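*Asks:* Sharing the feature lines straight out of TrEMBL:
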- 3-329: domain 'Kinesin motor' (DOMAIN)
- 87, 88, 89, 90, 91, 92, 93, 94: ATP binding site (BINDING)
- 345-419: coiled coil (COILED)
- 700-790: coiled coil (COILED)
Ligand code: ADP
Ligand code: MG
C-alpha cells in the first residue's frame with residue numbers, strides 16, 4: 001500500500017498582469033504553500049503541505065525529475081502508472097503535460113525516458129503500444145484515428161477496463177511516438193475563452209502499454225504488462241469568468257460535471273477504509289478509465305496547478321483542497337505478470353528442483369517420488385481451483401451487472417415514489433403520516449405502502465437510502481448537491497462547493513448504488529445461486545413479456561389489415577356497380593342505332609315516293625345506298641348485341657367499328673354525291689323541257705325542299721353516328737380501365753390474404769416460441785439446481801482432498817526433517 005504522490009505547481013503571473021502583481025500572494029517554502037495577506041502576514045488557515053510544491057520559477061524538467069520519473073521507471077518494471085494535471089483553466093496543466101519547444105512537458109520527457117530505460121535493461125525484450133484519446137462532451141474519441149469516434153468502455157476479466165476500438169500503434173522508438181502525439185494533437189478539441197486563448201476543451205489521455213519478457217531461457221517466461229496513463233485534464237471553469245456561451249458553455253458543463261465526479265471519487269477514496277462505501281467510478285468516463293489509478297493497482301501522481309493572480313484565489317483554494325484530499329488516497333501497486341502455462345510449469349519445476357537439492361544425500365528416493373507426485377497433484381488442484389474461481393468470478397460479475405441494473409431501475413421508481421411522498425408530506429405537514437409508516441429502526445417500510453409499484457427485493461434499503469438522501473439534501477443547502485442537478489446548467493457554485501470540501505454528506509450522495517456483496521469464499525457460491533436463478537427467471541419472464549407484446553402488436557396489425565380488406569371489398573362492389581352502368585351503354589347505343597334505322601327507313605320511303613321513274617338512275621342509286629346503309633346499321637346492331645353478349649359471357653370482343661364506320665361513311669357519301677348529281681341533271685332536264693309547266697315547278701320546289709330535308713337529316717344522322725362512335729370508344733376505354741382496376745383489386749386482395757395467412761403463421765410461431773421459452777425456463781431452472789448441487793459436491797470433495805493433502809504434506813515435511821537430522825547426526 002502506498003499513498004498517491006501529490007504536488008502543487010504555481011504558474012508565473014500572466015505577463016500583462018505582472019507589474020501590478022509583482023509579489024504573489026502565494027508563498028512557497030520547501031514543500032509547503034501558504035496564502036499571505038498583502039502585508040505579507042500568513043493566513044494560517046490557508047497553508048498546505050504536499051509531497052512537492054513547485055514555485056513560479058520551476059521548470060518542467062524539475063517537475064519530471066522529482067515527481068514523475070520514478071513512476072515512469074516503475075512502469076518499465078511492470079507497474080501501472082498514471083500522472084495527471086488538475087487545476088482551473090489557464091493554470092498551466094497543458095504547459096506541464098505537453099510543455100514548450102524549450103522545456104518539453106511530462107509526456108515528451110516520459111516517452112524519451114522509457115526508451116532510455118529500456119535500452120539499459122539488456123536481459124528483457126520489450127513491446128510498446130501507444131494510444132491517444134480524448135474525452136470530449138462525455139464521448140471518447142481516438143486522436144490517432146479520427147474515424148474512431150464515440151468509443152465505448154468495456155470491462156474484461158483479464159484486461160480490466162478498456163476502450164474498445166481504440167487504435168494502438170506498436171512503436172519502436174521515442175521519435176515515432178512523438179510524431180504520433182503531434183498528429184494526435186491536431187485532432188484535439190481546443191477553443192478560445194476569456195481566460196485562455198488556447199483552452200483545452202477535452203480531457204486527453206496518452207497511454208503506453210509496456211510489455212516485456214526475459215530474453216534467456218533460464219528466467220521465468222512470465223510476461224509483464226503495465227499501462228502508463230499521462231492525462232491532461234480540461235480545466236474547471238467558472239462560466240462568468242470564461243465568458244462562455246453556446247458550444248463553449250455546453251463543453252463547460254460536461255467538463256465541470258466530469259471533474260466533479262472525479263472530485264467525488266477522490267473524496268470517497270480519501271475517507272478511511274472503514275468509512276469507504278461505494279466508489280462512483282462509473283458515473284463518468286474519466287473516472288472509469290482512471291479507476292486503476294485511483295485506489296487501485298497503480299502508482300499515481302497528481303500535479304495540481306494554480307494561477308497566482310489575486311482574482312483566482314478562490315479557485316486556487318479549491319484546487320489545494322482537492323489536492324489535500326487526494327493525498328490521503330492509498331493505492332496498492334504490484335507488478336503485473338501474466339503467467340503462461342509454460343511459465344507456471346517452469347516455476348513448479350524450479351520448486352521441485354529446490355526440494356530435490358535439499359533431499360540430496362538422503363537417498364530417500366521413495367520420498368522424492370512421493371513429493372513429485374504430490375507436486376503434480378497440487379498443480380492439478382491449483383489449476384482446477386483457478387478454473388472454478390474464474391468461472392465463479394464470471395458468474396458473479398454477470399450477477400452484479402444484473403443487480404446494478406435492477407437497482408438502478410429500483411432507484412428510479414423509489415425516487416418517483418419519494419417525490420410523491422415528499423410532496424404529500426409537505427402539503428399535509430403531518431408527522432403522524434410518516435411515523436405510522438416507520439419501522440422500529442426508524443426507516444420507512446415500503447411494504448406498508450401497498451400501492452407503490454416495485455420489485456420485491458431490496459425495497460426497504462433503497463427507500464431508506466433515497467429518503468435519507470433527499471431529506472438531507474433539501475435540508476442542508478451548504479452540502480454538495482447531486483450530480484444530476486448539473487443536467488441543465490453549468491453550476492459554477494456547485495463546483496466551488498465541492499472543491500471547498502463539503503464531504504460530510506458524501507455517504508448520502510451516491511449516484512451508482514453501492515454493491516454490498518463482498519468477495520465470498522468458494523463454498524458460499526452455492527447460496528448465491530438461487531438469486532442468480534431468480535434473476536435468470538426474471539430475465540426469461542421479461543422475454544416472455546416481450547413475446548406477448550410482439551404478439552399483441554401483430555394482433556393489432558392483423559385487425560388493421562382486416563379493416564383494410566373490408567374497405568377494399570366495399571370499393572370493389574362500388575366499382576362493380578359502375579361496371580354495370582358502363583355495360584348498359586352498348587345497350588343504349590343499340591337502341592339509338594335502331595332508332596336511326598327507323599328514321600332512315602322513313603326518309604328513304606319518302607324519297608322513293610318522290611321518284612316517279614322507278615328505273616331511273618336516281619332510283620337505282622337510292623336503292624343501292626339504302627341497301628348499304630341498312631346492312632351497316634344492321635352490322636352495328638349485331639356488334640352492339642355481340643358486345644352485350646360478350647359482357648354476359650365475359651369474353652373479350654374485337655372492335656371492328658372503325659373500319660365499318662369508315663365504309664358506311666364512304667358509301668353514304670357516294671350515294672349523296674350521286675343523288676346530288678341526279679338532282680342537278682333533273683334540274684337541267686326540267687329547265688329545258690318543262691319550263692312553262694307550273695305543276696312541274698311546284699314539283700321541283702317540293703322535291704328541292706324534300707332534298708334539303710334529306711340532307712339535313714343525313715347530316716344529323718352522321719353527327720349522331722359520330723357521337724355514338726365517340727361514346728362507344730369512351731365506353732370501351734373505361735371498360736378496359738375497369739377491367740384493369742378489378743384485376744388490380746383482385747391482386748391486392750390476394751396479397752392481403754397471403755399477409756393475413758403469414759400473420760396467422762407468425763402468431764402460431766410466436767405462441768410456440770413462448771411455449772418453448774417456458775419449457776427452456778423450466779429446464780434452465782433445473783439445470784441451475786443441478787449445477788448448484790455439483791458445485792457443492794466439488795467444493796466438498798476439494799476441501800477434503802486439500803485437507804488430506806495438507807496433512808500428508810506436513811507428515812512428509814516432518815519425515816524430511818527427521819531424515820535431515822538423522823543425516824546430520826550420522827558421521
Ligand atoms: P491550462 O491547460 O491549465 O488551461 P495552459 O497550460 O494552457 O493552461 O496555460 C495557460 C498559459 O500560461 C499558456 O500560455 C502557458 O504557456 C502559460 N503557462 C502556464 N504555466 C506556465 C509556466 N510554468 N511557465 C510559463 N508559462 C506558463
Ligand atoms: Mg489545457
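For all residues, glycine too, the Cβ spot is worked out from N, Cα and C.
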*Asks:* I want to check the contact list for residue 93 (ATP binding site): same chain, sequence separation of six or more, C-beta distance under 8 angstroms. What comes out?
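*Replies:* 85, 86, 87, 200, 232, 233, 235, 305 - these are the non-local Cβ neighbours of residue 93 (ATP binding site), listed in sequence order.
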*Asks:* Do you know which of the binding-site residues 87, 92 has the most other C-beta atoms within 10 angstroms of its C-beta?
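*Replies:* Answer by Cβ density within 10 Å: 87.
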*Asks:* DSSP secondary structure for residue 88 (ATP binding site), reduced to helix/strand/coil, please.
*Replies:* strand
*Asks:* Express the predicted model's confidence over the domain 'Kinesin motor' (3-329) as a mean pLDDT, rounded to an integer.
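*Replies:* Taking every residue of the domain 'Kinesin motor' (3-329) together, the mean pLDDT is 86.
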*Asks:* Enter the number of other CB atoms within 10 angstroms of the CB of residue 94 (ATP binding site).
*Replies:* 23
*Asks:* Kindly assign residue 94 (ATP binding site) to one of the three DSSP-derived states: helix, strand or coil.
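*Replies:* The residue in question, residue 94 (ATP binding site), is helix (DSSP, three-state).
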*Asks:* Select, from 88, 89, 91, 92, 93, 94, each of the binding-site residues with a Cβ positioned under 6 A from at least one atom of ligand 1; if none does, say none.
*Replies:* 89, 91, 92, 93, 94
*Asks:* Determine the most Cβ-crowded residue among the binding-site residues 88, 89, using a 10 Å radius around each Cβ and all protein chains in the structure.
*Replies:* 88
*Asks:* Starting from the Cβ of residue 90 (ATP binding site), draw a 10 Å sphere and report how many other Cβ atoms land inside it.
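*Replies:* Its Cβ shell of radius 10 Å holds 25 other Cβ atoms.
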*Asks:* Go through the binding-site residues 87, 91, 93 and pull out the ones with a Cβ less than 6 angstroms from some atom of ligand 2.
*Replies:* 93
*Asks:* What same-chain residues, at least 6 away in sequence, bring their CB to under 8 Å of the CB of residue 91 (ATP binding site)?
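*Replies:* Once residues fewer than 6 apart are set aside, residue 91 (ATP binding site) is near 11, 235, 305, 306, 307, 312, 315, 316, 319.
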